[in-house]
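Asker: Below you'll find the structure I mean.
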Amino acid sequence: MFYPVIKKALFQLDPERAHELTFQQLRRITNTPFEFLVRQSVPTKPVTCMGLSFKNPLGLAAGLDKDGECIDALGAMGFGFIEVGTVTPRPQSGNDKPRLFRVVEAEGLINRMGFNNKGVDYLVENVKKTRFGGVLGINIGKNKDTPVEQGKDDYLICMDKVYPHAGYIAINISSPNTPGLRSLQYGEALDDLLLAIKNKQTELKEKHQKYVPVAVKIAPDLSEEELIQIADSLVRYNIDGVIATNTTLDRKLIQGLNHCGQTGGLSGRPLQTSSTEIIRRLSQELAGRLPIIGVGGIDSLVAAREKMDAGASLVQIYSGFIFHGPRLIKDIVTHI
C-alpha cells in the first residue's frame with residue numbers, strides 16, 4: 001500500500017544508496033517484534049523440489065541480501081524461500097562505484113557489483129540467528145583475485161562453511177562481473193568443478209548426517225550447443241537443480257534508453273523473454289531429470305506463470321520486487 005510512495009522517494013536517490021537505506025531500515029526490524037511492519041499474509045501453496053518442502057513456489061533471488069542481514073524481515077513479506085549471497089570465502093568490496101543503474105523506462109537494472117560481500121563467515125553468523133520458516137538457499141562464488149584455474153577451491157571453502165546452515169547451496173558460475181567466471185560453465189572446466197562439488201557434497205553429507213542439495217546458476221547468453229553441454233554435465237554429475245538464469249550482457253531490448261551503454265549484467269523486464277526461452281530449452285533437454293528454478297524479469301503473475309509453463313518448478317524475483325514492491329509477492333503467491 002505504501003510502496004509507491006516509498007519507491008518514488010527511493011528512486012530520487014542513486015540506486016545503491018537507495019538499497020543501503022532500505023536495508024538499514026530492514027536490519028533495524030529484522031528479528032524484532034517490529035517485523036509486523038512488513039509482514040503480509042499469503043496462502044500456503046506447498047511445493048516439493050530437490051527433496052525439500054517449500055511453503056510456496058516464490059523465492060527471492062540472490063543478490064539482494066548478499067550478507068544475510070535481513071532474512072527474517074524479507075521472509076515476513078511472504079517468500080517461500082530466500083537465496084542469500086553471492087558470498088565469497090574472503091570479504092571483498094566489489095567493483096568501483098557507480099556500479100548499479102536503473103533503466104526505468106524498461107523496468108530493468110544494470111549491475112556490475114562484482115560480488116561485494118562481507119565474506120562467508122559473516123554470512124554464516126547471520127544465518128545462525130535467523131528464525132525464517134522457509135527454505136534458505138546460500139549462493140556461493142569465487143573471490144575476484146582467485147585465479148579461475150583455482151576457482152573451485154573457493155567454492156569448496158564456502159561449501160564447507162555454509163553446508164550445516166543451508167537448505168540448498170547455489171553455485172554461481174554465471175555472473176558477468178567477475179573476470180573469467182563464466183568460463184566455468186563450459187567443457188572440462190565445468191566437469192572438473194561439478195566433480196569436485198559432488199565429492200565435497202558426499203563428504204559433507206557423511207560429516208553432518210544430512211543431505212543439502214546443490215543447484216547451479218547459469219547465464220542466459222548461451223548457444224544451443226552450450227546449453228546442451230551444460231544440461232548433459234548437470235545430469236552426469238547428479239546435480240540437484242539448475243537456476244535459470246542470471247543477468248544478460250545483451251542490450252538489444254534497451255537500445256537508446258538511459259544507461260543502455262553501461263557495462264554489467266542486465267536484469268528485469270528486458271530479460272524476461274530470453275530467460276524463459278532458456279528455461280523452455282533446458283526443460284526439453286533435461287526431460288524432468290532435475291528441476292529448474294526460474295528467474296529473470298518476473299514482474300507479474302503472468303510472467304511467473306510463463307516461467308512455470310516453460311518448465312520451472314519454482315520461481316524467484318529480484319528486479320520486479322524493486323519496481324513493484326511486496327505486493328508482487330502477494331499477487332504471485334495468491335494466484336499462481
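Every residue, even glycine, has its Cβ placed from backbone N, Cα and C.
Look at Swiss-Prot and you will find S175 tagged as active site, nucleophile, backed by sequence analysis. Summarising the annotation, Swiss-Prot assigns FMN binding site to A62, G63, L64, D65, K66, T86, N139, N172, K217, T245, G268, G297, Y318, S319 and lists sequence analysis as the type of evidence. Residues or ranges marked as substrate binding site by Swiss-Prot: K66, N111, R112, M113, G114, F115, N172, N177, N246, T247.
If you look at the structure here, what lies around each of the features I listed?
Answerer: The number of other CB atoms found within 10 A of the CB of S175 (active site, nucleophile), across every protein chain shown, is 25.
Within its own chain, L64 (FMN binding site) has L74, Y318, F321 as residues 6 or more apart in sequence whose C-beta sits under 8 angstroms from its own.
Taking a C-beta cut-off of under 8 Å and a sequence gap of six or more, R112 (substrate binding site) has these contacts in its own chain: N95, R99, L100, P176, N177, Q262, T263, G264, G265. For the recorded site, R112 (substrate binding site), the DSSP three-state label reads coil.
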Asker: With DSSP assignments reduced to helix, strand and coil, which class does N172 (substrate binding site) get?
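Answerer: Reduced to three states, the DSSP call for N172 (substrate binding site) is strand.
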Asker: Return the member of A62, N139, S175, K217, G268 nearest to G114 (substrate binding site) in space, with distance defined Cα to Cα and candidates limited to these recorded positions.
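Answerer: Of all the candidates listed, S175 is nearest in space.
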Asker: Quick one: Cα separation, N172 (substrate binding site) versus K217 (FMN binding site), in Å?
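Answerer: Each residue's Cα considered, N172 (substrate binding site) and K217 (FMN binding site) end up 5 Å apart.
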Asker: Closest to S175 (active site, nucleophile): which of the binding-site residues K66, K217, N246, G268, going by Cα position?
Answerer: N246
